[in-house]
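These features come from TrEMBL:
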DOMAIN    4-55  domain 'NAD-dependent epimerase/dehydratase'
DOMAIN    114-190  domain 'NAD-dependent epimerase/dehydratase'
Amino acid sequence: MKRALVFGGSGQIGTALIARLLAAGWEVHAVSRRPRTGLPRVQWVQGDFASMPVLPRAIDAIYSAGPLDLFSSWYPTAPMDCPQVVAFGSTSVLSKRAATDPGERALAQRLFEAEAQLREAAAAKGCAATLLRPTLVYGLGRDRNLSSIAALARRTGFFVLPAGATGLRQPVHVEDLAQAACAAAEGPAGMQRDYALPGGETLPYREMVARVLAALPSKPRLVELPSPLFRLLLAGARAGGVLRDLPGGAVARMREDLVFDDAPARRELAYAPRPFQPTAAMFEVSG
Ligand SMILES: NC(=O)c1ccc[n+]([C@@H]2O[C@H](COP(=O)([O-])OP(=O)(O)OC[C@H]3O[C@@H](n4cnc5c(N)ncnc54)[C@H](OP(=O)(O)O)[C@@H]3O)[C@@H](O)[C@H]2O)c1
């Protein structure tokens, strides 16, 4: 039986990944900062990158579905020989490189450095490294994008967008990411690869939001406001303590296309992401 070591296994992508590994017959060792129990063939160990618990020496694949920078700093010191490492990063490494918001630029730089560190360490160990960069993730109700939109719309009965929010998006379901991550661990020894993992449909931001709202039983309304009015409303909401963690560039980006090519992943990982057909359950916490 093949054995995987998973970081971030309690997160939204990690939950889908572990389910997929188990279905494929793998034994899973998973590291969490909290004590956890659960499924047969999953052995949870408590720890974090600053104080790593004792880990098994014989591992067929290491997966990172948590913070990439922390994983990449730890990985060079990993005590086991392992032929494959598969790590989730983000398309933000590309899309936020020239962002106006300094925090977003810093995130892109952190991801860039983490990717480089991981590739270098994997090459030194003679290990195959695959970096997977998802776009906007949904599926288990635990994302901070579409599920937050759904939660706000459920509470208020409507959701407000600025007019012209037509930038293209490719929301991706966690189970499609899990499929790609499992396929990546079958890659050739010593290879260094990275893949964008967008969803199976490219659609304008406003249409993506409209589909989320249409999936909810209460059918909240989509309200589109002229930009100056929207900015005023947003400033008022922020002053009232709502949407304070919305990054500075988020609204402007609703007009920008964030589109990535999935052809390499389709070709080499048999990646076949589903079109965006959300159901209400996908925005309720599960898994
Ligand atoms: N969500 C998105 O839309 C999106 C898009 C593109 C890329 N990604 C990337 O994909 C990866 C997984 O995303 P996700 O949304 O599934 O993550 P998530 O739900 O936020 O969960 C990540 C897991 O990582 C662990 N973790 C978090 N902070 C940690 C820390 N300081 N030290 C050690 N472990 C920590 C946590 O596990 P424990 O609490 O059990 O320790 C957590 O459950 C991340 O690299 C993320 O940047 C996400």
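For all residues, glycine too, the Cβ spot is worked out from N, Cα and C.
Values in this document were obtained by computation on a predicted structure and should not be read as measured data.
Residue counts for the domain 'NAD-dependent epimerase/dehydratase' (4-55) under DSSP, helix first, then strand, then coil, are 12 helix, 17 strand, 23 coil.
The average per-residue pLDDT of the prediction over the domain 'NAD-dependent epimerase/dehydratase' (4-55) is 95, rounded to a whole number.
Mapped onto DSSP classes, the domain 'NAD-dependent epimerase/dehydratase' (114-190) shows 34 helix, 18 strand, 25 coil.
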